[in-house]
Amino acid sequence: AGRRHRRQAAGVAWRGLRSAVTLAAEREYDYDLFTIGGGSGGVRGSRWAASQHGAKVALAELPFAIVSTKLTQGGLGGTCVIRGCVPKKLFIYGSHFHEEIADAAGYGWTLPQGVEPELDWQKLLRAKNAEVTRLNGIYKRLLDGAGVEHVEGYARVVDPHTVEVNGKRITSKYICVATGGRATVLPIPGSDLRGVLTSDEALALPQQPKKLVVVGGGYIAVEFAGYFHGYGTEVHLVFRGDLPLRGFDEDVRSHLLELMRSRGIHVHAGENPLAIEQAADGQLLFKTDKGTELAVDNVMFATGRVPNSKDVGLEGVGVELDPRSGKVLVDEYSRTSVESIFAIGDVTDRIQLTPVALMEGMAMARTMFGGEPVKPDHENVPSAVFSQPPIGTCGLTEEEAARKYGSVDVYMTKFKPMKHTMPTDRGEQEKILMKMLVVSDGFEGAGRVVGLHMVGAEAGEMMQGLGVAMKAGAKKSDFDSTVGIHPTAAEEWCTMRTKTRTTTAEDVGAAKKEKVAA
């Protein structure tokens, strides 16, 4: 077995060497691949092309800067590492400690009388900045280790095989556009005032706001509303719909709304921002179309992100962009309308998740240099929303599943987590929702699990493993025959035996008609 593994390893090494030698012999450009953008997808695709396929690769990215209260876009690691997933998750971790200290009283722990925990915002900010800086350095070392040349500067596409960086023109067989996206602000009166933020600036506020308005009902909005509230900020969440998280399962949306309100977040559903004014005391006066007026320290817009596709030279060389959103249009292999130019990650606006960009980058490298065109698989992608409490989801919503398969059986449970059966006084705030969607008997795919949704502690951690089961085509019978781990919340996935309801495509259509009529 050992000899066989060594032979296999040698074969892989030889194929990589042969690929590198072949590429070098055929090379008529400066590089085999030039990547514009050093976020997760760009770095992974570049590293994979160089280390696994022997390609000569360069990557351009703007200089790194810790996010300040002025919008910055540069640095290896991109949005996720510098001004997104990573710093946000660190802030979210920290926002729970006040609750944990309070919960401890239900387990017999006490603080000396008159002693209250204090938050040092500056210390928190310094620690976050140090970690982001460390990760940026790791990304640089990963590129160096793979043999990818890092070019610091603003890159533009000049023709299908040429980019320009810092006034220098560089040729490449392939070009990858991985420029990501950026946060936007609604163009209402006062949206340019000092103290109006996007998620970028919110992650670097020099002082903690006492009062904050978060505009938007998407995942970024509920995540930031949750963690600022956890630190003690008075948070007002304003969105135009009846429920947050449009596109998510309806039960998940309504359950999260209930829990956010029970935790003390002020939710203003069905309201549109009208204007922001500067108050005499330095605060901002935020107004909605329903007459709501709020005097706050900051207003944060979490109303969407747009692709960074402008001013990159794409349209000038024939790369087709979506006329409405500006996203780069690609085929199933991430190839644009120009054969030599590919695009991956958020700039294509397929699924805006870091692991999806990683997958797209690796698939692109194999398509270019591996001799095996590979389509990134965007089905059954597990994801999490780090709201408080968090959400985990994989597969279809109830409505989507009923439409696709004709009929689905719904299994759903709500319960207080075991931790809060002790007197923490927070059981209702942490109530767990679990929901499983199964194709009904008599329909194609009967018994297959096609949707899993959860609201509650560790939802994201659970959903990663459940995503593997769904990818493998697990059926309800597989869950039923699996022995649960006791006592855990996760065992509920294996013990949901009683069907809550059955929903058909006809039910969904009728509900839609009723909603329109109302």
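Heads up, the Cβ atoms here are built off N, Cα and C, so glycines get one too.
Per TrEMBL, the NAD(+) site holds GLY216, GLY217, GLY218, TYR219, ILE220, ALA221, VAL222, GLU223; the candidate it also names there, chosen from GLY137, GLY145, GLY304, is GLY304. ASP346 (FAD binding site) is surrounded by 30 other CB atoms, counting those within 10 A of its CB over all protein chains shown. Mapped onto three states, the DSSP output places GLY216 (NAD(+) binding site) in coil. Residue counts for the domain 'Pyridine nucleotide-disulphide oxidoreductase dimerisation' (381-496) under DSSP (helix as H, G, I; strand as E, B; rest coil) come to 35 helix, 34 strand, 47 coil. Distances between the Cα of ILE220 (NAD(+) binding site) and those of the recorded positions LYS89, ASP346, HIS486 are shortest for LYS89. Scoring each of the binding-site residues (ILE220, VAL222) by how many neighbouring Cβ atoms lie within 10 Å, the top position goes to VAL222.
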